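*Asks:* Starting off with a structure, shown below.
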Amino acid sequence: MEPKTDAELNILFTMSDEDRNQLLANRDQRLIVKYHGDIERVAAQVGALVQIINEQIAIIVLPLDKAKILLSYPEIEYMEAPKDFVYNLEQSLKASCITTVQNNLPYQLKGNGVLLGIVDSGINYAHPDFRNDDGTTRIVSIWDQTIEGEPPAGYLEGSEYSQVRINEALRAPTQAERLRIVPSQDSLGHGTHVAGIAGGNGRSSGGRIIGVAPEAEFVIVKLGNPSVTNLVRTADIMLGIRYVIEKARQLNKPIAINLSLGMNEGPHNGTSLIEIYLNDAAQEWKNNIAVGSGNEGLSRNHVGGKVQQGEIQTISFQMGPNKRTYNFSVWQNSVDQLSFQLIGPDGKSTPRISYSTPVKRYVLGNSRVYPAFAGPSPLNGNIEFAVFMGGLEDGYIMPGIWQLRIIGDNVIDGEFSVWGQTIASSGNETFFLSNTPDRTLTTPSTANYVITVGAYDSVKNQIAPFSGRGYTRSPVQIKPDIVAPGVNITAASYTGGYQALSGTSMATPHVTGAVALMMEWGIINNNNPFLYGESIRTYLLRGANRDVEGVSFPDPSWGYGKLCLKNSLDIARRSSFV
């Protein structure tokens, strides 16, 4: 088995052109690589385009049928296909001890001088909450990855719109003219709502509905690809994070970055390629990255367990109707030798598949099944067993109860975790019949150096049942770090006005905005010029409210407690050396 690739890429290399074209019509030609040495020379030799993310991670653009040659280069340490991501106020600000920080001495903080990096589905830049009193924009720049045009310097795709250009658009007499000048729109509304929570100034509500950092400025990335609508991949996110940090560095301003999205792929222990990059990025410049823990708490898309020597465990899952594709992964310790067998609703099965079994296609009824091992991974030493499923005759996977048999061939540890696609990807009708609600954090919220944010109901003082729960897989980290209000949060709507939404996507920008206020107090106001990165996370965790009856902290659902910005700032103020 090729140790330099993940299981998905092993499957893609094995698929026929026909299967790839039918089942993966939206697959782009990018590969994410971990490298050393001269990656530009390697790309030139194979006729590929390359975009360097940092000193160890790059994106290579090369058709899949030619990509295997990269494995022969010693400079390529690891390679994977980009993974698909999904997009996961007054009361909430009071509950998070933010209102008093905004309005009262000794703080009176609004985010002035700090940037908010919103890497999401875009923004309704014409919404009054993102404009100053004179009508000009609070947005420094927008990079829309989905519009072909003039990309930012050093990037290959998308279009960048400057503050000058946005203001020109805002002066246009009609919406049609405005969109001709800056055509970027938020067709999902997710990014607009997130930005409103983090930093909306409430102009559309007469100051009644305001965000956490209403005087901060925005750097916006609309994620995606010009050829595929509303589909976001790891490569897009990594480039987006790089862009907002570069913009902050150019402007010499601290930046609080928000990622309200996630996926179920990866080892869930902070060692996926995107998490390795986020760990690196979190230590660049004056920044913090807040990531939502995901909405998988009740989704029934995770099963964890332990298999003994010689034991067979069966994991059953319901395949809903009209599913064209589906995939799941099993992650195990590399000291164990496990084998697997997949059984369809009609009783037909694959043979027993072990680590040495060649990757190939199996046909079960009217379904195509591609199982594959990968590892031990050079990133974490883990072994992954992944299964990609697709329809055959009528284009749909056979609905009904499928079974995965896990067989303990040579067991020392025996622990395993199975993750299916997120509920946003798979829907409500495809799920495991038995489930494990712990370890339902989505990737990249298990990265080491991000602030992982869960959601709670600030009215009922209860954890939101959908909130992704910890902890991470081994090596175990306590995640989520903190929780914030995420139920029925009212903020800016992409159609104008406001709307109420729930999710960890709504909890995360509370923390992002709180980080911006802490940066204003520490860096902009010269109270602590090093108040960013892990320093801010430490103060947020120390200041968290833990007034929850019957909970021992830290907790897999609550983390270290509920966001309380005033407590955190009070602790920082007592610790300040300036």
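In case you wondered, yes, glycine gets a Cβ from its N, Cα and C as well.
Caution: TrEMBL annotation is automatic and unverified by curators.
TrEMBL lists these features:
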DOMAIN    4-83  domain 'Csp protease B prodomain'
DOMAIN    111-297  domain 'Peptidase S8/S53'
ACT_SITE  ASP120  active site, charge relay system
ACT_SITE  HIS190  active site, charge relay system
DOMAIN    423-549  domain 'Peptidase S8/S53'
ACT_SITE  SER505  active site, charge relay system
*Asks:* Would you kindly give the Cα-Cα distance separating ASP120 (active site, charge relay system) and HIS190 (active site, charge relay system), rounded to the nearest Å?
*Replies:* 7
*Asks:* Count the other Cβ atoms sitting within 10 Å of the Cβ of HIS190 (active site, charge relay system), across every protein chain shown.
*Replies:* 24
*Asks:* Counting across all protein chains shown, how many other Cβ atoms sit within 10 Å of the Cβ of ASP120 (active site, charge relay system)?
*Replies:* 28
*Asks:* I'd like the number of other C-beta atoms within 10 A of the C-beta of SER505 (active site, charge relay system), please.
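*Replies:* Step by step: centre on the Cβ of SER505 (active site, charge relay system), count other Cβ atoms within 10 Å, giving 28.
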